[in-house]
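Relevant sequence annotations retrieved from Swiss-Prot are reproduced here:
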type: BINDING; residues: H111, H115, D304; note: Fe cation binding site
type: BINDING; residues: L134, V135, S136, G137, G138, D167, G180, N276; note: substrate binding site
Amino acid sequence: MRVLGLETSCDETGVALYDSERGLLADALFSQIDLHRVYGGVVPELASRDHVKRMLPLIRQVLDESGCTPADIDAIAYTAGPGLVGALLVGASCAQAMAFAWGVPAVGVHHMEGHLLAPMLEEQPPRFPFVALLVSGGHTQLVRVDGIGRYQLLGESVDDAAGEAFDKTAKLIGLGYPGGPEIARLAERGTPGRFVFPRPMTDRPGLDFSFSGLKTFTLNTWQRCVEAGDDSEQTRCDIALAFQTAVVETLLIKCRRALKQTGLKNLVIAGGVSANQALRSGLEKMLGEMKGQVFYARPRFCTDNGAMIAYAGCQRLLAGQHDGPAISVQPRWPMESLPAV
C-alpha cells in the first residue's frame, strides 16, 4: 500500500510517500520559521495561509522524486489534530479533495501518534511494549505503549510543555525564535555549576511535569544578573546551560520512574525536543545503566514531518480504518482515546 502523508498541524508543511513494502519513498518539508521569527512565535493565520501556498508544490515534488503518479497512490493520510485549527483544516481539505478526485480512502492521523511512531522508520525500530516520552512544543507526556492505539497515559505536564518552556525562556533572556535550538547552542559554551536551577516536581511521587516555575526561576536569575550589570553573552550561556540541565535531568528522573513502575526496559523519545543532544546523551547513559535501550528518530523526523503521518496512517489503513468524506479536525484530541490496531 502506498500512502501519501500530509502534515499541517502548526508551522511546517510536510508531505511524504510511504510504501508498506518498500518503506519511505520520498518526503519534502517546508519550515515557516523565517516567516514567524519576526513575531517571536507562530501566528496562526499566517501559518494557515502559508500551508495553502506550499502544499501542492510539495506534493508535486514528492511524486516527482518517487517516480509515482496519482494513479499509484492507494490512500491519503493527514494530520487531523491536535494543532492549530486553521492549519489542520488546510491539510484535511486538501487530503479529502484528493481522495475524492483519485477515488482512494483518506484517514486522519493523530499528530502525537505520528511522533510516537516516527522511530519505526529507522533501521532498528523499537518493539512493543515500551515507554514513550513525548516532548514537543505542545506536549510533554509519558505513555505506556503496548501496540498501535494501545496507549496508557502515565504522566504529563500540568502547565507548560518542555518545548514551550524552552521557547519562552529563550525569549525572556533575549534570544531568538525558535528558542530550543538557541538555548542548546548557548548551553554548549556555558560554565557548569555557575547556576543551579531546581528540578520541578521531582521531590514528590508521580510522573507529572511542571516547567512554568522553572521558567520564572530563570527569568528572576537573569534579572538579578542584569541589575548587577552582568548581562554578558557568557552569562546568557551559563543560564542557558543551567536551564537545559534542569529540564533534561527532570525528564531523566521521570523516565527512570516510569520504566521502574512499568517494569519495561525500552524507551522511545519523540517530538521536537527529542532532537536535543543533551537529552539523548543523558537517556542513552541512563538506559545503559538500566540494561535497557533508547530509541529515537533521525533529527529531521523529530520535528513535524509528513513521513511520520504517512507511516502512522498506513498502519491504520492496513487495519481497515479510514474516514468518511466529511472534513473534520480536532484541535484538542487525547491520544489514549484512539482505537487499537
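One is the number of the first residue shown, and numbering goes on along the chain from there.
Just so you know, glycine gets a Cβ as well, placed from its N, Cα and C.
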If you draw a 10 Å sphere on the Cβ of H115 (Fe cation binding site), how many other Cβ atoms land inside?
30
For G138 (substrate binding site), which residues in the same chain are close in space, meaning a Cβ under 8 Å from its Cβ, but six or more apart along the sequence?
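Spatial neighbours, sequence-distant, of G138 (substrate binding site): C10, P82, G83, A161, G163, E164.
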Going by DSSP, is L134 (substrate binding site) sitting in a helix, a strand, or coil?
strand
Near G137 (substrate binding site), which residues of its own chain have a C-beta under 8 A away, given they sit six or more steps off in sequence?
C10, A161, G163, E164, D167, G272
Whole-number Å only: compute the distance from the Cα of L134 (substrate binding site) to the Cα of D304 (Fe cation binding site).
13
On a C-alpha basis, identify the one among H111, H115, D304 that is nearest to V135 (substrate binding site); the candidates are the binding-site residues.
H115
Inside 8 A of the center formed by the CB atoms of H111, H115, D304, which other residues of the chain have their CB, for the recorded Fe cation site?
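Not counting the recorded site residues, we get E7, S9, T79, M112, G114, S136, G271, N305, M308, I309.
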Below 8 Å Cβ to Cβ and six or more residues apart, same chain only. Which residues does that give for N276 (substrate binding site)?
G180, A184, Q244, V248
